[in-house]
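Undergrad: Sequence annotations record features per position, and here Swiss-Prot assigns NAD(+) binding site to G13, A14, A15, G16, F17, I18, A19 based on sequence analysis. What Swiss-Prot lists as substrate binding site is T132. Annotation source Swiss-Prot lists active site, proton donor at D133. Residues or ranges marked as active site, proton acceptor by Swiss-Prot: E134, Y159. Among the features that Swiss-Prot reports, NADP(+) binding site is placed at G391, K392, T393, G394, W395, I396, G397.
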Amino acid sequence: MASYTPKNILITGAAGFIASHVANRLIRSYPDYKIVVLDKLDYCSNLKNLNPSKHSPNFKFVKGDIASADLVNHLLITEGIDTIMHFAAQTHVDNSFGNSFEFTKNNIYGTHVLLEACKVTGQIRRFIHVSTDEVYGETDEDALVGNHEASQLLPTNPYSATKAGAEMLVMAYGRSYGLPVITTRGNNVYGPNQFPEKLIPKFILLAMRGQVLPIHGDGSNVRSYLYCEDVAEAFEVVLHKGEVGHVYNIGTKKERRVNDVAKDICKLFNMDPEANIKFVDNRPFNDQRYFLDDQKLKKLGWSERTTWEEGLKKTMDWYTQNPEWWGDVSGALLPHPRMLMMPGGRHFDGSEDNSLAATLSEKPSQTHMVVPSQRSNGTPQKPSLKFLIYGKTGWIGGLLGKICDKQGIAYEYGKGRLEDRSSLLQDIQSVKPTHVFNSAGVTGRPNVDWCESHKTETIRANVAGTLTLADVCREHGLLMMNFATGCIFEYDDKHPEGSGIGFKEEDTPNFTGSFYSKTKAMVEELLKEYDNVCTLRVRMPISSDLNNPRNFITKISRYNKVVNIPNSMTVLDELLPISIEMAKRNLKGIWNFTNPGVVSHNEILEMYRDYINPEFKWANFTLEEQAKVIVAPRSNNEMDASKLKKEFPELLSIKESLIKYAYGPNKKT
């Protein structure tokens, strides 16, 4: 068949292990090809993997996510892409059991976005989809013939299931829309630049440190290994000679038991295998064997060139010469890693071409990424802000995102659940924030009475979850801005109603009437032990959105009867931007996060009548009467906001702020 010659190639995931070797090879060997690489720089990606290509005129790097349809469409059109080599994926099987939705998002949804962009632009002449041998499922131990390309797909874990699902989409777009697709399924790959979550680099780094090599189970599992440069050559052959609509296995019939791999690495380091190999608990999802038929690709002229001994020696030499390539990876070297540690540097030593990224920063994107253009004077840039926000579906969390958009601050919402430490670690590794905002938690719907009958759920979110996030942030040197509550106090003899004497930050909570307040007081006390937390005591939050049912104005304007009692309150339109400024100033400790002074519930409703609805009427009842229609008592108090006022002298009193931010903009003429 005729050889295919591309012009402009988009390689996704090209800062990762295999794709970086492919990109570097094509850039080096084909100077007439323009290579655009797209990578979101996940934990197992590293821009240094592309160092050999960074000065090449036919190379361009773009930081971004394949799940962003706007970005992908923009790249295809503006770069004139005619060929896509799609490597980007979550690939570590172990992680897929703890966070399979992330694998679905990256591996299936991300692939779907690419395919749809190809369909819409109508300019793609080749779409090479990179899959895995694991889609075939486990091979019988006594099988003499490997899985050929027409074999049934029987994935056994969430990772391989998402790769098989992505393949189905690729095949469907090929048949339904005539997209010129080719799929590859590869054996295990090893060599330089690989993140040490995989067996060979993990064992090499452990051996370099003189530590034992942990083997899951009895070590009889069999794998086939190919050296990275041989695999890069295989993709070069598939690119130029592969036939549209076909699948190609990239494999070898040479198999090795995990035991033998460990022994060979011990031999390279002159270590006694008997003393330095330790058998640990097996993984329940550790398939015994993957075996491929490799004849189809060989007919195109490819064959592996690097022997096992030669490849292993090259790999060992590279890791011993580059021990800090990935930074602190001690967490990945554990026998059963709970979650990987933060990898090392992400940037080239010199400046990067951010021209395209800077252009894209002006366009809407799903990742809220703002990439500043490079300075021309060569002075080092102050690290830009990037917030990780928990509580996306909540009122405060949603408002924080809008403020960040307005101020041009990069941010992402956390995907993990607060009580799931591993998912929080993955968020931090993925987002790499400068600050973390926590507005997540349980307040109860429609009100805090819900917490009285859902106590374990309330503890899980408000106590265990908040403490877990604080601890993870502390481990990573991150300031956590924690939105707490001032509903942990009630008027008492030292702070009588109407006295103007408010509760200070150092005062001990005295309100235990509701289970919600108990959990918030408990977690606030425990958070005092964390020096990386800024606790913001919010009370009866109010905003300019008078249609929001969580707005205190909206709440009481819909009540049949209202208790008339003065309280401290928080006007979010004024105070949420202040919380962002507090993060910039790295303020810590406890802060009464309310406007100075108090306002009674009747005064709020009087303003509502005067500004919004002249016909509005309401009735009052006593605390005793209120107690008959609610499950748990409510907190009423005055907070002393002098500490916040001293830090932000422009802070308005509660009544001034209500008029400026809530009632004034909504005034009915």
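If you go along the chain as it appears here, the first residue is 1 and each next one adds 1.
Every residue, even glycine, has its Cβ placed from backbone N, Cα and C.
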Undergrad: Run through the Cβ atoms and count how many others sit within 10 Å of the one on G391 (NADP(+) binding site).
TA: 21
Undergrad: How long is the line from the C-alpha of E134 (active site, proton acceptor) to the C-alpha of Y159 (active site, proton acceptor), rounded to the nearest angstrom?
TA: 9
Undergrad: What does DSSP assign I18 (NAD(+) binding site), in three states?
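TA: It is helical.
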Undergrad: According to DSSP, which of helix, strand or coil covers T132 (substrate binding site)?
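TA: It is in a strand.
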Undergrad: Long-range neighbours only, meaning 6 or more apart in sequence with Cβ under 8 Å: which ones does K392 (NADP(+) binding site) have?
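TA: Result: G398, G401, Y413, G414.
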Undergrad: Of T132, T393, the binding-site residues given in the record, which has the fewest other CB atoms within 10 A of its CB?
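TA: Counting other Cβ atoms within 10 Å of each of the binding-site residues T132, T393, the minimum falls on T393.
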Undergrad: Compute the centroid of the Cβ atoms of G391, K392, T393, G394, W395, I396, G397, then list the same-chain residues not in that set whose Cβ lies within 8 Å of it, in sequence order, for the NADP(+) site.
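TA: For the NADP(+) site, the extra neighbours are I389, G398, L399, L400, S439, A440.
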Undergrad: Name the residue among the binding-site residues A15, I18, A19 whose Cβ has the smallest number of other Cβ atoms within 10 Å.
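TA: Per-residue Cβ counts within 10 Å for the binding-site residues A15, I18, A19 bottom out at I18.
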Undergrad: Within the chain of D133 (active site, proton donor), which residues six or more apart in sequence place their C-beta under 8 angstroms from its C-beta?
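TA: Same-chain residues close to D133 (active site, proton donor) (Cβ under 8 Å, separated by 6 or more) are N147, R185, G186, N187, N188, S224, N249, G251, Y290, L292.
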Undergrad: Do any residues at least six apart in sequence from A14 (NAD(+) binding site), in the same chain, have a Cβ closer than 8 Å to its Cβ, and if so which, in order?
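TA: Looking at Cβ-Cβ distances below 8 Å from A14 (NAD(+) binding site), excluding near sequence neighbours, one finds S20, V22, A23, V37, L38, D39, L50, F61, F87.
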Undergrad: What's the number of neighbouring CB atoms sitting within 10 A of the CB on F17 (NAD(+) binding site)?
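TA: The answer is 24 other Cβ atoms.
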Undergrad: Between A15 (NAD(+) binding site) and Y159 (active site, proton acceptor), how many Å separate their Cα atoms?
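TA: Taking the Cα atoms only, A15 (NAD(+) binding site) lies 20 Å from Y159 (active site, proton acceptor).
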Undergrad: Return the residues near G13 (NAD(+) binding site), defined as same-chain residues 6+ apart in sequence whose C-beta is under 8 angstroms from its C-beta, sorted by sequence, else 'none'.
TA: A19, L38, D39, S45, I66, H86, F87, A88, A89
Undergrad: Per 10 Å Cβ neighbour count, which of the binding-site residues G16, G394, G397 ranks highest?
TA: G16
